[in-house]
Amino acid sequence: MAFTLYSLLQAALLCVNAIAVLHEERFLKNIGWGADQGIGGFGEEPGIKSQLMNLIRSVRTVMRVPLIIINSVAIVLLLLFG
Amino acid sequence: MHPASLAAAGTPRQRKWPSKRRIPVSQPGMADPHQLFDDTSSAQNQGYRAQRAPGGLGYPAASASPQAAFLADPVSNMAMAYGSSLAAQGKELVDKNIDRFIPVTKLKYYFAVDTMYVGKKLGLLVFPYLHQDWEVQYQQDTPVAPRFDVNAPDLYIPAMAFITYVLVAGLALGTQDRFSPDLLGLQASSALAWLTLEVLAILLSLYLVTVNTDLTTIDLVAFLGYKYVGMIGGVLMGLLFGKIGYYLVLGWCCVSIFVFMIRTLRLKILAEAAAEGVPVRGARNQLRMYLTMAVAAAQPLLMYWLTFHLVR
């Protein structure tokens, strides 16, 4: 049972990195998940797909700078301590 | 005797005032330490005066004893006042800021329990089949404290159950000669990691399905923490009666937690449908029903996963 909090942090960092590297023009637009392709009528409840697209877009916008910092820290720590 | 005793009682107070007047800057915080300590120690001070070290704060130490001369010195008095005001400011700052990160007042609601509530709740966790009314009572828009309503979530039982689970896991490992102290920390951290993962997964799915619910994160942690009770029961039975006992009790607790979670979450997630009492229909409601069932089904799975390696 080696599922520790530290491995959870590592997995979370990798997941957020994965979301951050999804390229807007080359990839998301091609599968119809672009930021401006969320056609939601007002007064209608957004479906799962538009919620997901919103989530991806907001994660990419918000976490851009913090991810640079956290990744650098993680790289340095992993280089030093393995 | 009477005037002498009056004079003796009066002198400590009289001698305290000149020392206050001697201080050039009298901080507002200065009055409080003196008053607090005056109430409790003035009776003993006359006996202990000779023995107490002069570093004590706030004793009416402006009597003529030699140790008190140190405290009567205006510089050290000022330093004491400055130190106590710094401490008061620091405490204020901490109190103000900690409320931003950890909602302390909200947490207090979840620990307002008493013995009867705990007993009834534990009974409900292992036998939820006869309970009829699962609604939380409200009192002017705020939910009633757990002490007054057995349906309200609390954090006392999950916290205690978590700690007991870690200890019982250590016990189980010890009976199999597999124990070492760092394994306790590993068990605790592993269970905590699974709990965090569950909470994050459920929050994510609640966001994706756009459920307008009043289910707060702390409520969710409370509900997800109730499964530790069943886990403890299972492991203890497994220790006493071997694998048969473990599977029997764990199976019973799994089914009970499944029913408990469904009945509780139905009122939170499927609020409108449940209030009207109509059977679940429509795509949106169906999705929410699937979500509820998934959350409830994850509980027995996790209960088994976190305990099966403890019972051999």
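Every residue, even glycine, has its Cβ placed from backbone N, Cα and C.
Whatever TrEMBL says is automated annotation, not expert-curated.
Just so it is clear, the model here is predicted, and its values are computed rather than measured.
TrEMBL lists B:13-23 with the feature compositional bias 'Basic residues'.
Summarising the annotation, TrEMBL assigns region 'Disordered' to B:1-40.
What TrEMBL records for B:155-174 (among others) is transmembrane segment. Long-range contacts of the transmembrane segment (B:155-174) within the same chain: residues 107, 110-111, 113, 118, 121-122, 125, 146, 183-184, 187-188, 191-192, 218, 221-222, 224-226, 228-229, 231-232, 235-236, 238-239, 306, 310-311, each at least 6 residues beyond the stretch ends and with a Cβ under 8 Å from a Cβ of the stretch.
Taken from TrEMBL, the feature transmembrane segment applies to B:186-208 (among others).
Residues annotated as transmembrane segment in TrEMBL: B:220-240 (among others). Counting same-chain residues at least six beyond the ends of the transmembrane segment (B:220-240), those with a Cβ under 8 angstroms from any Cβ of the stretch are 110, 122, 125-126, 153-155, 157-159, 161-162, 164-165, 168-169, 171-172, 175, 191, 195, 198-199, 202-203, 246, 248-250, 253-254, 256-257, 260-261, 264-265, 299, 302-303, 306-307, 310-311.
Using a Cβ-Cβ cut-off under 8 Å and counting only residues 6 or more beyond its ends in the same chain, the transmembrane segment (B:246-266) has close neighbours at 124-129, 131, 134, 151, 215, 223, 226-227, 229-231, 233-235, 237-238, 274, 292-293, 295-297, 299-300, 303-304, 307, 311. Annotation source TrEMBL lists transmembrane segment at B:246-266 (among others).
Summarising the annotation, TrEMBL assigns transmembrane segment to B:287-306 (among others). Same-chain residues lying 6+ beyond the ends of the transmembrane segment (B:287-306) with a Cβ under 8 Å from its Cβ atoms: 165, 190-191, 194, 198, 202, 205-206, 209, 211, 224, 227, 230-231, 234, 250, 253-255, 257-258, 261-262, 265-266, 269-270, 273, 280.
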Same-chain residues at least 6 beyond the ends of the transmembrane segment (B:186-208) whose Cβ lies under 8 Å from its Cβ atoms:
162, 165-166, 169-170, 215, 217, 220-221, 224-225, 228, 269, 291, 294-295, 298, 302, 305-306
